[in-house]
Amino acid sequence: MEAETGSSVETGKKANRGTRIALVVFVGGTLVLGTILFLVSQGLLSLQAKQEYCLKPECIEAAAAILSKVNLSVDPCDNFFRFACDGWISNNPIPEDMPSYGVYPWLRHNVDLKLKELLEKSISRRRDTEAIQKAKILYSSCMNEKAIEKADAKPLLHILRHSPFRWPVLESNIGPEGVWSERKFSLLQTLATFRGQYSNSVFIRLYVSPDDKASNEHILKLDQATLSLAVREDYLDNSTEAKSYRDALYKFMVDTAVLLGANSSRAEHDMKSVLRLEIKIAEIMIPHENRTSEAMYNKMNISELSAMIPQFDWLGYIKKVIDTRLYPHLKDISPSENVVVRVPQYFKDLFRILGSERKKTIANYLVWRMVYSRIPNLSRRFQYRWLEFSRVIQGTTTLLPQWDKCVNFIESALPYVVGKMFVDVYFQEDKKEMMEELVEGVRWAFIDMLEKENEWMDAGTKRKAKEKARAVLAKVGYPEFIMNDTHVNEDLKAIKFSEADYFGNVLQTRKYLAQSDFFWLRKAVPKTEWFTNPTTVNAFYSASTNQIRFPAGELQKPFFWGTEYPRSLSYGAIGVIVGHEFTHGFDNNGRKYDKNGNLDPWWSTESEEKFKEKTKCMINQYSNYYWKKAGLNVKGKRTLGENIADNGGLREAFRAYRKWINDRRQGLEEPLLPGITFTNNQLFFLSYAHVRCNSYRPEAAREQVQIGAHSPPQFRVNGAISNFEEFQKAFNCPPNSTMNRGMDSCRLW
């Protein structure tokens, strides 16, 4: 076969590409070294006579990378984020198709480029597993823009002609079979079909996850669902921005209905009612600050839920959502089945609202949400209308390239297949060894500070905190099960993709995703396993398993620097991220879970009160940061958990780094990087800042403040380092400088 004979050509291409890369690195390194030597000769940079310098290619590369990011005209004690990041931000403007851009999105894009290359390789029946062949076919169908344009809206209209998907606003404009009937409308049937077949959660979010108070067991959970707009407050506020977003959403709903065949005046009338309904739903949603672990844990059986909220057939809904052909052992779900109802008051209010609302409006809203979720899978005329909407709410001015959209889709639809493809080529197993060094260093640092510097926690609580810290399990790179081809092939055996039917392929993946979590119901939680996509550029803490997780996608420069680079760079970047995730086990939410992952009080009352008192300092510190780009102050209470993790992680990683210097180098500092005059401690803090370099459009800035779990990047950097005396020592920041909070510094861990 032709595809089988291409391997030698591909190898040749790789060899040529490798030669070009080596040449570029050599030439680039020579230029950097030459520049450094010139600057030294001119007295503009100095090489300290008593210091050892590293002139290896890796060190020259690192020095060049740092020089390209910094702005030496800014005083690091006045604004360290600008000092560290201005150069990078200036050289990396926000792409027109993105609402924000930074080092995280930059690395995400580089991972996507690698996945694109892997997915575009011709299918080899000999080399590629069945699952990988399916991933390539799915990608090919997504890239088949000619077929997508030819299909236009036909696949969606086919769905809209059948119950329960008939859209009232379309009336008889798509044929008599598409006419909605109030008499035949069933809220339960519609909600169950959306969730069970299309993975669309509207009004109600039903899913399976570990029981917070019995973390070895899985349980059904019920929660409020999302809205059309990302920010709940945009339905409630009367600010100019919020009004413009609601207006843009309304026009988008109207135009989408018209594109699908609705009469414009009918669409305008009906969508006003739809928007009013969604505003009512936004009003009753439980805000983030009230969604505490304790408040969200309301365990009861379905019979008790039905007695509390009798307006809805909860048992009937759950049984219709779960496909018992896939899971025959779940046929016996009965009124005695336990569920965790995370938002009881929301559900009471929801069915009060729905009980007084016209069925036609409810149906229009439900189908709108299904249509909205499928717009990315339609032809260009729908994409361009979405872009007009995106201009208002995100500030983007162009669509993502089709390949980028397709890679993102395949990655979300078949994460473990794509993850294996990535890991096989781009993940080096020796990274696990260095990550173990970093994890154990952070673990030691946390316990060391707990024993030597924590004066507010009593001995009993401190003992349990150390037990939990010792029990934290680190997962690195990828879950082992993705390497089991037989297992992954079997998991996808029911899926049959066609290169000519992208929309149909999407529907298959939605059904697969819709049913996947029910696999775990009635099964024990595998505490040593993890289920994170290996290509994810992020890291995580899981309270229910007491795990910290670092996927392969995250373990790349400038986050993870190999052993051939100064350790200061890795400890400052991925090391702080390790500390950040580790500290999540002891933040305002994670601290409530014990070493086994159970929501079980293990703090003394006295220690808990002192913890809460100390958090007030951090809440006030971050709440006082005003972001001009967003026109808003940071929400210190909303971002508290992440701010605790940032501050604790920074301290832990720095202490771990200094221990590494003492243990591995007998206290001798690492060789310095040439020409940039930064000490190793300064490089540590620069590396911390560099992975958080980011810039935002005003729309994205506003959204980040409104719903982001993290503080904006500049305040993440400046907030944590201004609380840390070791930073002030490293950069000689005087007591009255902005980056030295002195006696006002906040600290928990």
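In case you wondered, yes, glycine gets a Cβ from its N, Cα and C as well.
Disulfide annotation in Swiss-Prot: Cys406 is bonded to Cys142, selected among Cys142, Cys617.
Among the candidates Glu499, Glu642, Glu669, Glu670, the residue that Swiss-Prot names alongside His580, His584 for the Zn(2+) site is Glu642. Matching Swiss-Prot disulfide entries to the candidates Cys54, Cys59, Cys77, Cys85 identifies the partner of Cys693 as Cys85. Looking at the candidates Cys77, Cys617, Swiss-Prot gives Cys617 as the cysteine bonded to Cys746 by a disulfide. In sequence order, Ile148, Tyr502, Phe503, Val506 make up the list of same-chain residues 6 or more apart from Asn377 (N-linked glycosylation site) whose Cβ falls under 8 Å from its Cβ.
Neighbours of Asn263 (N-linked glycosylation site), defined as other CB atoms within 10 A of its CB across all chains, total 15. Neighbours of Asp646 (active site, proton donor) among the recorded positions Cys85, Cys142, His580, His584, Cys617, defined as a Cα within 10 Å of its Cα, are His580, His584. Ranked by Cβ neighbours within 10 A across all protein chains shown, the glycosylation sites Asn238, Asn290 are led by Asn290.
Mean pLDDT for the domain 'Peptidase M13' (53-749) in this predicted model: 98. The CA atom of Cys142 (disulfide bond) is located 32 Å away from the CA atom of Cys693 (disulfide bond).
By the criterion of other Cβ atoms within 10 Å of the residue's own Cβ, the least surrounded of the recorded positions Glu642, Asp646 is Glu642. DSSP classifies Asn301 (N-linked glycosylation site) as strand under the three-state reduction.
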